[in-house]
Amino acid sequence: MEVETASKDDISADKGSQSPQSSQRENPAPLREASSSTHLATTSQDFEPGFWKPLKPRKFADPAPLGLCAFALTTFVLSLMNIHVLGAHKNSLVIGLAFGYGGIVQLLAGMWEIFIGNTFAATAFSSYGGFWLAYAIINMPGGFGISEVYTNHNDGAIEFNLAVGYFLAGWFIFTTLLLICTYRTTLAFLALFLNIDIVFLLLTIAHFLSHPDGSLPHAWIASSGYFGLAAAFLAWYNALAAIVDDRFVASLFSVLLRYLAIPKILGLPLQQITLLT
């Protein structure tokens, strides 16, 4: 019995005669090469979802009231000393406040203002915090010995007062720049920087007009003290206005905070207040 074997030509002919449908049936779908449009993009987030979990937005507290209170209390005590209330005039106690509260705490408030994106408050609080630290360093008895360098020779007290006058004149110029930036804010906030500016001006004049014995004219110093008290209470008021919530407190603070602004008085368009928040 003969067995017929298929030749290679017959096998190739049979393969060539197969239809595309039959070839697709022989190649199952999972083995077919998918087109590039069907590929799913994968990232490291798909394999490490815990590591790439989106962070929840974090809400930071407003550091402006802290900076305002630090400035207010230190200014309040120094102003009472300048006025000689009840005969007290030695400012040694203010040095402790200038280091701890008016200096370090206010400087920290300025640094925290940077994190929330408030350029004005960051500049003001950081700068005035540095002012109080510098004030404490200059006036610290037996500390850095800055005043002793001047007072150890003739006319040294006058020279020291002139140097302090230059120091205060620079702060007067700086505060004037900040005052210009507050003309579109509230009346209470503008009045705060106006009083601070006047305080620096009066103190500068007092040191330039010092007596031959090195003492300062009391009239100028006392005048700066009264404006300093006004600045302290205005700083406390602005701090309170930033702390309280309009939903729980009477509208006194919100009225002064939002509507008694210089643009409103002059008939200019009133913008949203963003210096404290």
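Each Cβ is built from the backbone N, Cα and C atoms, and glycine gets one as well.
No curator has checked TrEMBL annotations; they are predicted automatically.
Per TrEMBL, the features are as follows:
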COMPBIAS  1-13  compositional bias 'Basic and acidic residues'
COMPBIAS  15-26  compositional bias 'Polar residues'
COMPBIAS  34-46  compositional bias 'Polar residues'
REGION    1-49  region 'Disordered'
TRANSMEM  66-87  transmembrane segment
TRANSMEM  93-112  transmembrane segment
TRANSMEM  158-180  transmembrane segment
TRANSMEM  187-209  transmembrane segment
TRANSMEM  215-236  transmembrane segment
TRANSMEM  248-266  transmembrane segment
Result, the transmembrane segment (66-87) in contact with the transmembrane segment (215-236) (3+ CB pairs under 8 Å): yes
For the transmembrane segment (93-112), sequence-distant contacts whose Cβ falls under 8 Å of one of its Cβ atoms, 6 or more beyond its ends: 60, 63-64, 66-67, 70-71, 73-75, 77-78, 81, 121-130, 132-133, 135-136, 139-140
